[in-house]
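Here is what TrEMBL says about this protein:
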- 30-341: domain 'Kinesin motor' (DOMAIN)
- G109, Q110, T111, G112, S113, G114, K115, T116: ATP binding site (BINDING)
- 344-354: compositional bias 'Basic and acidic residues' (COMPBIAS)
- 344-434: region 'Disordered' (REGION)
- 390-404: compositional bias 'Acidic residues' (COMPBIAS)
- 405-421: compositional bias 'Polar residues' (COMPBIAS)
Amino acid sequence: MRRRNSIAAPAKQTARLSYQGPIGNEFEAKIRVCVRKRPLNSRELNRGETDIVQATGRRSVTVHEPKHHFIFDEVFDETVTNDEMYQRTAQPLVRFIFQGGNATCFAYGQTGSGKTYTMLDPRNGLYVLAASDIFAMHTQPEYQHLTVLVSFYEIYQSQLYDLLNNRKKLHAREDHRQQVCISGLREIEIENVVDLMEVFEFGNSERSTGSTGANADSSRSHAILQIMLKDDRDNDRLHGKFSFIDLAGSERGADRGESDKQTRMEGSEINKSLLALKECIRALDMDKKHTPFRQSKLTQVLKDSLVGNSRTCMIATVTPNISNSEHSLNTLRYTDRVKAIKGERGTSDCRDTDSANTGQGDDEGYDDAHYYGEPDDWDDGDRASHDPPEDYDGDLYYDCEQDTIDTAQRRPTSYRTQPSPNAMEPPVAQRSTAAPSQKVYFDLAEIDEFVKQHRLQIRETSDYCKLETRLVASYTLGASSGPSPQGSLRSHKYYEGDNDGDDAKVLAQMHSAVSYLEQLDEILDKKQNAVVQLRNSIRQLVYSQSQSQNRQ
């Protein structure tokens with residue numbers, strides 16, 4: 001597929017790169033191993049949990065339960081933002097792919113430790129920050145022969161699924177040069193960060209997630225987002241590639257106290273692939289003649305990221321609370337073995353039976369917003385704050401009602417909506433005016449029933465939010481009108497505002513817009529009804545309680 005001659009204006013690219021001289025040797029290692037600690041969330045603070053993980057230096061981390069000390073290439077504490085972390089992990093790899101290399105950045109850790117937020121957050125994940133620099137470099141004259149494409153797929157229970165093509169099942173095969181090719185994988189041409197975010201939003205809505213004991217919306221698959229550079233002058237030969245991998249949670253289902261057979265099977269496949277990844281890295285370090293890449297689908301598709309002209313950055317994410325101390329230690333031990341495998345043995349996991357505090361940082365007064373950063377510069381200024389909620393669990397954070405891309409300014413429209421006369425704010429439940437010292441009596445059986453109803457409402461709302469995400473992503477991507485023969489976003493005329501007078505196409509776009517708005521209105525109506533029913537139940541409980549007190 002070919003890139004159009006029109007190029008996005010450089011002024012619209014957020015140039016983060018400042019290549020003043022060669023990159024330091026520390027960034028040129030074939031494998032870099034880093035650790036990120038997230039802050040305690042509000043639920044952990046309310047339970048009075050202790051922060052037992054301390055970043056004791058730029059390269060060291062200590063777990064105080066009992067004390068274990070580890071040394072890595074880089075350690076990021078809870079005050080480090082995604083942007084600051086990006087500068088020390090993924091950014092040095094951007095130039096590398098323009099030089100013809102394969103770069104990989106992946107996150108490893110237990111469910112809820114912040115893997116997905118770090119790698120694939122829709123606003124300031126590492127892939128967004130890297131894409132901004134990739135397109136900034138792409139505007140330079142020496143790279144005009146390169147086309148930028150993206151693919152997005154997942155590995156779920158040892159099967160590959162294309163997240164950009166209706167979850168089509170894929171197959172990984174090796175060609176005559178022993179290079180891995182994923183047969184049938186859809187690649188979409190993109191020209192700027194906005195295009196990439198639209199593609200990601202569409203694909204992410206298709207990803208396999210599930211509720212676990214650690215996270216209500218946990219990633220149950222390995223997700224691989226790839227940004228590729230292909231050479232127009234050489235029959236679209238692959239010039240360079242950057243892979244961003246969000247690995248599924250590393251803990252076992254049994255460790256979370258889950259007896260569900262499906263969840264246990266998922267956990268078994270996840271951990272089998274993670275073990276295979278470590279064994280492949282070990283075999284490469286020992287210069288073995290045979291590396292067991294075919295032990296799992298994960299290692300099979302990562303083969304070109306670990307051999308040849310490649311560089312990899314591994315980011316281990318850990319939770320600081322004491323109840324997850326064993327999971328955090330397991331994550332650090334696994335990561336430490338990877339670091340030892342790459343030739344730095346004997347520097348880590350120094351266990352100290354003396355539990356004396358060696359300068360643990362004081363987290364009082366810590367502002368969570370600093371960790372998550374501010375909204376990106378290219379975000380809509382009228383949009384609400386994007387800081388995660390206080391009960392952020394780490395792996396997934398989305399404002400479910402947010403449309404990442406403002407499409408209203410990019411498409412012609414003649415469809416106008418008027419406020420519905422029935423679209424009224426639901427009545428606010430009357431709050432109890434009882435004094436704090438006044439005794440309040442509730443029927444506990446009624447409260448139990450209400451809790452069940454509340455849980456059901458939460459699940460329904462979550463489902464509606466997912467429907468919204470898929471709806472807006474489908475419309476934004478133009479999926480309703482079908483992909484172009486090349487599968488490129490640029491094939492859709494309305495993306496560039498080119499109106500060639502074809503009334504049929506314009507009419508089809510208008511029908512698509514009307515359908516989008518009608519479906520959205522239906523979803524919002526269902527969401528509002530669910531909220532109204534729950535609030536009516538609250539009023540009924542309060543009324544019953546007040547009547548009971550009046551009778552007394």
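Including glycine, each Cβ sits where the backbone N, Cα and C put it.
Those TrEMBL annotations? Automatic predictions, nothing curated.
By the criterion of other Cβ atoms within 10 Å of the residue's own Cβ, the least surrounded of the binding-site residues Q110, S113, T116 is Q110. Residue density at G112 (ATP binding site): 27 other Cβ atoms are found within 10 A of its Cβ, drawing on all protein chains shown. Under the three-state DSSP scheme, G109 (ATP binding site) falls in the strand class.
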